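Under the heading GTP binding site, Swiss-Prot lists 371-378, 417-421, 471-474. Annotated compositional bias 'Basic and acidic residues' per Swiss-Prot: 115-128, 210-228, in sequence order. Here Swiss-Prot flags 148-158, 169-180 as compositional bias 'Polar residues'. Look at Swiss-Prot and you will find 260-269 tagged as compositional bias 'Basic residues'. According to Swiss-Prot, the domain 'tr-type G' annotation covers 362-531. The region 'Disordered' annotation in Swiss-Prot covers 107-272. Annotated region 'G4' per Swiss-Prot: 471-474, in sequence order, evidence recorded as similarity to another entry.
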Amino acid sequence: MAEVTIKQLAEDVGAPVERLLKQMVDAGLEKRGEGDIVTDSEKQKLLAFLKQSHGESFSEPKKITLKRKTTTTLKASGTGANRSINVEVRKKRTYIKRSEAVNDIDAQKQQDIQRAAEEAAAKERETEVEVALQNEPGMEATAEVVESVQQEAANMDTQEAEAAPQASVDESVSATTAGGSQEKAGVAADQEAEDAQKSEARKTSKHRRNKEDSEVRREPADAEDLKRREKHKPKPAPQLKSSKVIAIEEDDSSEEAPRRARQRKKKSKVVQDRSVQPIVREVVISDTITVAELAQKMSVKGVEVIKRLMGMGIMATLNQSIDQDVAQLVAEEMGHKVKLLQEDAVETEVLESISFEGESKSRAPVVSVMGHVDHGKTSLLDYIRRAKVAAQESGGITQHIGAYHVETPRGMISFLDTPGHAAFTAMRARGAQCTDIVILVVAADDGVMPQTQEAVQHAKAAGVPLVVAVNKMDKEQADPDRVKNELSALDVIPEEWGGDVQFVPVSAHTGDGIDDLLEAVLLQSEMLELTAVPDAPGKGVVIESSLDRGRGSVATVLVQNGTLRHGDIVLAGEYYGRVRAMVNENGQNVQEAGPSIPVEILGLNGTPDAGDEFIVVPDEKKAREVAEFRQNKERQTRLQRQQAASLENLFENMGKGGVKELNIVLKTDVRGSLEALIGALAEIGNEEVQVKIIASGVGGITETDANLALSTQAIIVGFNVRADASARKIVEKEGIELRYYSVIYNIIDDVKKALTGMLAPEFREDIVGTAEVRDTFKSPKFGQVAGCMVLEGAVYRNKPIRVLRDNVVIFEGELESLRRFKDDVAEVRAGTECGIGVRNYEVKVGDIIEVFDKIRVERSL
C-alpha cells in the first residue's frame with residue numbers, strides 16, 4: 001500500500017476527517033492535520049486499536065498445514081527381468097503464528113516480578129529461598145527450555161528485523177488450533193515468570209547479605225529499585241511479534257526444523273521486499289512511427305496508445321503513422337525513456353564519407369536553352385550542333401530535356417534543351433537548377449510570352465545569369481526593340497541600357513549571330529570561374545530517366561563534379577545499381593564521363609525521378625541501405641499526405657453528391673513527361689468532375705495495366721508507348737478504351753472533352769409570352785377555363801407555364817387546353833383573346849399566366 005494522507009484515508013474508509021483524527025490520537029498516533037502522511041505501520045496500529053476497542057482479540061493463534069507428495073521409481077535387479085518399485089515420499093509442514101497474546105504475557109510478567117520482589121523482601125535468608133527452589137522439581141529444566149526459546153527468538157529477530165507483517169499468511173491460517181496454542185503460550189509465560197522469580201530472589205538475597213543492618217529501612221526502596229531495573233532489562237521471549245511464523249516439519253528432526261524455517265523465512269522476506277514497479281524501457285523513436293510499432297516498443301497494447309492519443313486530441317488507427325514529437329509525448333507520459341533516432345544518419349554517414357578533395361580544374365559551362373514554345377530553341381541548338389534534332393520531335397516541339405555537349409573552337413559547352421510548353425513547368429525548373437547559364441530565346445516577331453516570363457522567374461530563383469538570344473531576326477516582322485522593352489519590364493535590362501544582361505540577335509535559320517552567342521556564353525562562364533575536381537568520385541543530377549524493353553532502366557545524367565566511370569556503384573534518389581554501360585548523346589559507348597558531360601547510364605534497379613541527385617558510393621551494401629531508407633521515407637510521407645487530404649476533405653464532401661471522376665491509367669516513355677502529364681491533368685476539372693490517375697508509370701502498357709483498367713473502369717493513355725500482345729488481347733476482348741498519343745496537346749484536349757461530357761446539363765428558362773386572366777367560367781369537359789388576353793409574345797399549348805398573383809409565383813404546371821373561340825389552336829399571339837384551361841389548378845381574375853421555354857446550355861471547363 002502506498003502512503004496516503006489522512007484526508008485520502010478518510011475518503012477511502014468513508015469516515016469524517018475529524019472522527020479519524022480523534023481515533024488516531026486515541027491510538028497514540030500524533031497527527032495534527034488532514035494533510036499529514038499515514039504510513040503502513042500506522043495504519044496497522046490504528047486497525048489494531050479499533051479492533052481492540054470493539055472487543056476483537058488477536059490472541060487466536062492460527063496455523064496452516066501444507067502437504068507434499070513426490071513419487072520416484074527404483075529399478076530392482078533380481079532373477080529374471082528387472083522390476084520397478086514405486087517409492088512415494090510424503091511430507092507435511094505446519095506453519096503456526098504466535099498470537100498477539102504476548103501483550104498479556106507482558107502484563108503477567110510484570111505482576112510476577114512484583115510478586116517475586118515482595119516474596120523476596122519477606123524472606124530473611126538466602127537458604128530459605130534455595131530450599132524453596134529445591135522443592136520445585138524440574139525448575140532447572142524449565143529455565144533451560146525458556147532460555148532456548150529466548151535464544152531462538154533472538155536469532156529470528158536478528159534475521160527478520162526489517163520484515164513487514166505478513167497479513168496474507170495471518171488471514172490464511174486456520175483458527176482451529178487456537179486453544180492448544182493458547183495453552184502453550186500460557187506455559188511459556190509461567191516459565192518466564194518462574195525464571196524471573198528465581199533471578200530476582202538471588203539478587204535480593206545478595207543485597208540483603210551485604211546490608212543486613214539496613215534491611216528493614218530499605219525494603220520498600222529495594223522493591224522499587226527492582227521494578228526500575230526490570231523496566232530497563234531487555235525483554236526476552238515477549239519480543240516475538242505476531243508476524244513471526246515458526247515452521248514445524250513433522251518428519252524432520254528437531255535440530256533441522258528451525259534452520260529450514262529460517263531459510264524459508266529469508267526467501268519469503270526477499271520476495272516481499274520486491275515491490276512491484278513498472279518496467280521503464282528505452283523507446284527508440286524514428287522520424288515517423290506507426291501506432292502499432294510504438295505500442296510494441298513499449299510492450300503495451302495498441303489500444304492503450306490509441307487512448308493516450310485520443311486524450312491528446314489525435315484520432316489515429318493502429319497502422320497510421322504519427323510524427324516523432326507526438327510519439328515522444330506518448331512514451332514519456334507512459335513513463336518510458338525516449339531516444340530519438342535520426343533515420344537519415346545512414347544517409348548522412350554515406351554522403352560524408354565521400355571526399356571531393358583534389359586539384360580543382362576549370363570545367364565547361366552547362367547552358368540551358370529556355371523560352372516560349374515555337375520560339376526556336378531547338379532549331380537554334382540544331383544549328384550549333386549541326387544536327388536536325390527538331391525534326392525528330394513529335395509535332396516539332398520538345399517534350400524531353402535534351403542534353404548535349406558541343407566542341408566549339410572556343411571551348412566545350414554542354415547544352416540542356418528544355419520544353420517550352422506550359423505542362424513542362426517542373427522540367428524547366430529542374431533545368432534551371434542544374435545549369436550555370438540560361439540562354440533565353442525570344443522570337444523577335446512574337447515578343448515576350450507566358451513561358452518566357454516563367455523562364456525568367458526560374459532563372460532568377462536559381463540565381464543563374466541570363467543571356468538573351470533574340471531569334472528569328474531574318475523575318476520582316478522582327479522587332480528587337482520590342483523584345484528589349486518587354487523584358488525590361490521583367491527586370492531584365494540590356495547592357496546597352498545600363499544593365500548586366502547580354503542581348504544577342506540571332507537567326508537559327510540563316511546562322512547569323514550564332515558565333516556571337518557562343519562568345520557571349522563563354523565570356524559569361526569565364527566571369528563565373530567554374531571549377532571541378534576530376535579525380536573525385538562522380539556526382540551530378542539526373543536529367544531524365546526511362547524504361548527500355550531491351551536495355552532496362554536508362555537514366556540521363558549530367559556529371560557536375562568528379563568523374564563517372566564504367567562499373568561504379570551509383571546511388572540516384574531511391575534507386576541504386578552498378579553502371580553496366582555508358583552512352584553519350586551520339587549513341588557511342590564511353591568508359592568515363594568528366595565534369596559537365598551528359599551521358600546515359602544503364603544498370604539502375606529503377607527509374608529515378610528527374611532532378612534527383614546521383615553520387616558514386618564505394619560500397620553497394622551502403623547504397624542499398626540508403627535507397628531502401630529513402631523508399632520507406634517516401635512511402636510514409638505519401639501515406640501521411642493522403643491521410644491528411646482525406647481528413648481535410650471529409651467534412652467538405654459531407655452532404656454533397658459524389659464527384660464524377662474520369663479514371664485514367666497513364667503510361668509514358670520517360671519520367672519527366674510522366675510528371676508533366678500528371679501535373680497538367682490534375683489541373684483539369686472543377687468541383688463536379690475531375691481526373692483520377694489510377695496508376696502511372698514509365699514503359700510499355702502491360703497485361704497488368706489492362707486488368708487494372710478493367711477492374712476500375714478506366715481508360716488507358718499511352719504517351720509514346722505501345723501495348724504488348726497480351727495487353728492488346730485483353731483490351732479487344734473486354735472493350736477497354738485504349739488511346740495512343742505523341743503530342744501532349746492532344747491528351748489535354750481529349751481529357752477536357754471527356755470531362756465536359758460528364759458535366760451535368762444546365763438549363764436556361766426563357767419567357768416566351770404572358771397572358772392576363774380577364775374572366776373565368778366552367779366547362780363540362782375541362783372544368784374551369786380562364787378567358788385571357790395575350791399581353792406579350794405568344795402562348796403555346798405544349799410549353800410549361802407559371803401562374804403569378806401579385807407578381808408572386810403561386811403555381812407551376814402545364815396547359816390542359818388552348819382555344820381561340822371554339823377551335824383548338826397550338827399558339828395564340830399577342831393582342832388576341834383565348835381560352836386557357838390550367839390542369840389541376842383554379843385561377844382567378846387578374847392572375848398572370850406566364851409561358852416559358854427550357855433551353856439546354858452546353859457547359860465547358
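Heads up, the Cβ atoms here are built off N, Cα and C, so glycines get one too.
Distribution of Swiss-Prot features across the structure.
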| residue | record | DSSP class |
| --- | --- | --- |
| Gly371 | GTP binding site | strand |
| Lys377 | GTP binding site | helix |
| Met473 | GTP binding site | coil |
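The Cβ of Asp374 has fewer other Cβ atoms within 10 Å than any other of the binding-site residues Asp374, Lys377, Met473. Along the region 'G4' (471-474), the predicted structure has mean pLDDT 85.
With a 10 A radius on its CB, Gly371 (GTP binding site) counts 28 other CB atoms from all the protein chains.
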